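Taken straight from TrEMBL:
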type	residues	note
SIGNAL	1-22	signal peptide
COILED	18-45	coiled coil
COILED	81-108	coiled coil
COMPBIAS	253-287	compositional bias 'Basic and acidic residues'
REGION	253-288	region 'Disordered'
COMPBIAS	311-349	compositional bias 'Low complexity'
REGION	311-351	region 'Disordered'
DOMAIN	406-496	domain 'M23ase beta-sheet core'
Amino acid sequence: MKRTLILLILTCLGFTYGAAQTKQIKNLQNQKAALQKELSASQKLLTTTKRDVKSQLNNLVVLNNQIGEQKKYVDGIQSEVIVLSNNIAVLERQLQALEADLALCKKRYEHGVIYFFNHRMALNKWLFVLKAKNFREMSRRLRYVSEYTRYQQMQAKIIKEKEAAVQQKKNEILGVKVTKDKLLVEGQQQQRQLNEKQVKQKQVVDDLNKKQRQLQATIAQQQRKYANLNARIDQLIRAEIAKAEARRKAEAARKAAEAKRRAQEAAARKAAAEKAERRRAAEEKARQAQIAARKAAEAERLAKQQAAQARTAAAKAEARRAQAAAQRQQQAAARQQQQAAAEARNAARTPAAPVFRAESAADNALSSGFAANRGRLPVPITGAYAITAHYGTYNVAGLRGVQLSNKGINLTGRPGAQARAVYSGEVTAVFNMNGLYNVIVRHGSYISVYCNLSSVSVHSGQQVGTRQTLGSVAGDGSGNCTLHFQLRRETSPLNPEAWIGR
């Protein structure tokens, strides 16, 4: 029982460990596949026939990239071999536990068979049952024989299952060992390829070091070319930023003028309303004066007609006149209160000055979308490619005193490769330098630049979509074509390798 429990625990742990190992192996295999794809693409771009300094320098950059990727590939194989070795060790421990349990089951079964034969139960089971002294003993013997037979049958079945499990585990170990052997062979092949690349790298480095003066002149020429190109790009970007700022200010001025016009119209409406209210008040006052005059005339006429009336009637008439005068004063006060309330309502209806945003909603949306795709932007060149010049200032491995500086990256592709937009935006400039075209695309506050094009298929002011073709990449004299690509946030350069998905 204890041995069976230990075997069960080992089996469960083996399944868990095996699942983890399988996932780890799958991840390593995916990394290997990606590296193999990059190695194949860069190998197609490697030019071995050209002996000029520029081509050799490009080849050296490609070789350095290949060697780095090849080392990662070899390291991945070694990691996978280690994982498989650990897996084999676990499987062998599981096999040992299964074999030990199988041996124990066989031993128990063997003891049962020997006991069966020693007591002659195998010759005649019924004779063993019928030799019972009474019916109760016969019933016990019958039940014993039946249970023992079932037990032996169950043991035989368990032995078969364990034998099958042992064989399955052996096959599994064999399969893992075969995979490991294949990986070891592949690792040796990849190591040989790595050694060959390192030898080739040394040859190129030695050759370039011998041509140090020519190499420095070529690099200086390239740096001057890039400096002129960057100056032109910076000039166009600053001009575009100035245009955008002018458009923003013009829009703000237009909105301010519109707000001022609306405020003036509101003030004019308020003044007209106040004038109309004063006119209505004057008319009402004149009407009340006319009413009072008519009443006074009527009272005077009645007084003449009723001169004979008693003094009491005259007193009552005077009282009525006093009451009418008080009412007129109350009405005048009420009209003044209504006029003040109307003026307060008109003042409340006067609109407040609006607040304007400095940037357009469209630019904000483009900038946010571009930033959200960091590390996932499409490669700006179609087909197989290799990065032959990196961003920033760096030393070329193996070369003495050779330092390259780049505000973008160079992507070398096969003949016929096309430049394509990495994100939707507006083409703000298409310009020509040294007989080659260059395209600038604005994505809100972000800007992408595509240089070294032999032809273009877009124009300034055109809206382009993600992955839309911008033009054909020009050949670089080595049988391939090289795209110079830059990313900016306004005038600040960004590292394109951190933004492009690979």
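Backbone N, Cα and C define each Cβ position, glycine as well.
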Statement: Residue counts for the compositional bias 'Basic and acidic residues' (253-287) under DSSP, helix then strand then coil, are 35 helix, 0 strand, 0 coil
Query: For the domain 'M23ase beta-sheet core' (406-496), DSSP counts of helix, strand and coil?
result: 1 helix, 57 strand, 33 coil
Task: For the coiled coil (18-45), would you mind checking the mean pLDDT of the predicted model?
output: 55
